[in-house]
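S.K.: Pasting a structure here, questions to come.
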Amino acid sequence: MSISFDLTIDDTRDQLARHARASLEAKPSLIGMSREEMAAALIAAGVPERQVKMRISQLWHWLYVRGVSDFADMRNISKDLRAMLAQHFTIARPEVVEEQISQDGTRKWLFRFPPRGAGRPVEIESVYIPEEGRGTLCISSQVGCTLTCSFCHTGTQKLVRNLTSEEILAQLLTARDRLGDFPDKDTPDGAMVPAEGRKITNIVMMGMGEPLYNFEEVKKALLIASDGDGLSLSKCRITLSTSGVVPEIYRTGDEIGVMLAISLHAVRDELRDILVPINKKYPLAELIKACREYPGLSNAKRITFEYVMLKDINDSLDDAKLLVKLLQGIPAKINLIPFNPWPGTNYQCSDWEQIEKFADYVNAAGYASPIRTPRGRDILAACGQLKSESERLRKSERLALEAMMIAGHGE
């Protein structure tokens with residue numbers, strides 16, 4: 001990379017700083033690599049092949065058990081090797097642009113990732129939901145989304161790109177950093193977290209994006225997250241939520257083996273076509289068939305069906321009856337989600353009395369149908385509310401500019 005020095009001193013400093021950052025960002029991250037990929041990368045960097053298996057074991061422990069983000073902290077690796085690793089690779093965390101804490105203890109982070117050689121930095125949101133005895137991290141798989149589900153705030157942000165396995169895992173690693181969930185890390189004062197054990201006990205792929213439109217990177221990240229020699233999360237505590245990418249549902253069961261959740265939200269094709277437009281490609285009959293055939297499906301490994309409660313849209317008792325009929329014979333749990341409002345939406349949340357009637361009918365038919373307690377609404381961290389802050393700012397700036405132009409024309 002060439003640098004022009006026909007600049008002021010301040011400009012030169014800025015350009016040199018950008019050059020240094022670009023060099024740093026160009027280095028591949030060891031986070032998110034499979035063991036096979038890490039072996040190839042280490043050999044290419046000059047690690048003797050006879051040492052590779054041992055070095056991978058050391059690195060895996062430091063990255064995923066100890067949670068270090070600086071090669072200098074890897075104390076059982078020689079100084080020369082640490083220097084070589086730092087020259088060729090990075091294990092740095094993303095920038096935490098913002099952390100918001102809800103009155104109910106929910107935390108939302110805005111993470112910024114470097115461009116990695118092209119384009120501009122990207123931002124995504126992750127949410128931590130503490131409950132008694134457990135803590136759930138909601139992770140994003142894409143920057144934006146392609147699905148345009150009409151009730152979902154994320155769907156109003158166009159897809160920018162898929163996240164890499166590194167960026168998916170970095171959300172978990174950084175959240176564990178912030179919560180003191182690695183050895184020798186302190187929990188923030190006043191943080192609402194489980195009283196004993198891990199701070200993050202569960203992860204759900206329910207953040208920004210459709211995970212199954214980024215299958216390979218999501219697969220790699222979740223297999224690392226569930227690896228017994230590292231982060232060691234049980235696959236029964238990892239849930240992948242999809243709007244219904246039918247071909248990849250089969251692959252999810254065969255190749256990843258985590259718990260499955262379906263963003264259902266309607267029991268008639270004509271309504272689901274509007275609420276969840278992917279239904280036009282994979283209608284309900286195909287989706288439900290894939291669910292019935294999901295590998296490992298049992299009463300101990302039920303599918304969760306998510307159903308947002310929209311006033312006078314999908315919340316009638318007739319809808320409840322059709323829901324029970326549609327899912328007949330599938331080991332399932334039905335999460336009823338009170339609609340979380342966001343600026344500009346035309347939908348309203350169902351009345352609480354109607355939600356309870358709906359739940360009572362489904363429960364009486366033999367399906368657990370908990371009503372999800374809204375969490376983090378005051379920081380737009382609740383289900384369906386995620387959208388990167390940078391996108392909101394750009395939109396607000398455009399609106400402000402348009403208002404100024406209108407005002408100018410009116411003079």
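Keep in mind that glycine also has a Cβ here, set from the backbone N, Cα and C atoms.
Sharing the features that Swiss-Prot gives for it:
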ACT_SITE  Glu125  active site, proton acceptor
DISULFID  Cys138-Cys383  disulfide bond
BINDING   Cys145, Cys149, Cys152  [4Fe-4S] cluster binding site
BINDING   Gly209, Glu210, Ser241, Ser263, Leu264, His265, Asn340  S-adenosyl-L-methionine binding site
ACT_SITE  Cys383  active site, S-methylcysteine intermediate
S.K.: Asn340 (S-adenosyl-L-methionine binding site) has how many other Cβ neighbours within 10 Å of its own Cβ?
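M.R.: Counting Cβ neighbours of Asn340 (S-adenosyl-L-methionine binding site) within 10 Å gives 23.
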S.K.: Within 10 angstroms of the C-beta of Cys138 (disulfide bond), what count of other C-beta atoms is obtained when all protein chains are considered?
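M.R.: Counting Cβ neighbours of Cys138 (disulfide bond) within 10 Å gives 28.
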S.K.: Using a 10 Å radius around its CB, how many other CB atoms surround Glu125 (active site, proton acceptor)?
M.R.: 25
S.K.: I need the most crowded of these binding-site residues: Cys145, Leu264. Count other C-beta atoms within 10 angstroms of each C-beta and give me the top one.
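M.R.: The residue with the densest Cβ neighbourhood is Leu264.
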S.K.: Among the recorded positions Glu125, Cys138, Cys145, whose Cα is within 10 A of the Cα of Ser263 (S-adenosyl-L-methionine binding site)?
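M.R.: The recorded positions close to Ser263 (S-adenosyl-L-methionine binding site) (Cα within 10 Å) - there are none.
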S.K.: If H, G and I count as helix, E and B as strand, and all else as coil, what does DSSP give for Glu125 (active site, proton acceptor)?
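M.R.: Its secondary structure by DSSP: strand.
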S.K.: Near Glu210 (S-adenosyl-L-methionine binding site) in space, meaning Cα within 10 angstroms, which of the recorded positions do we find among Glu125, Cys138, Cys145?
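M.R.: Near Glu210 (S-adenosyl-L-methionine binding site) by Cα: Cys145.
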S.K.: According to DSSP, does Ser263 (S-adenosyl-L-methionine binding site) fall in a helix, a strand, or coil?
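M.R.: In three-state terms, Ser263 (S-adenosyl-L-methionine binding site) counts as strand.
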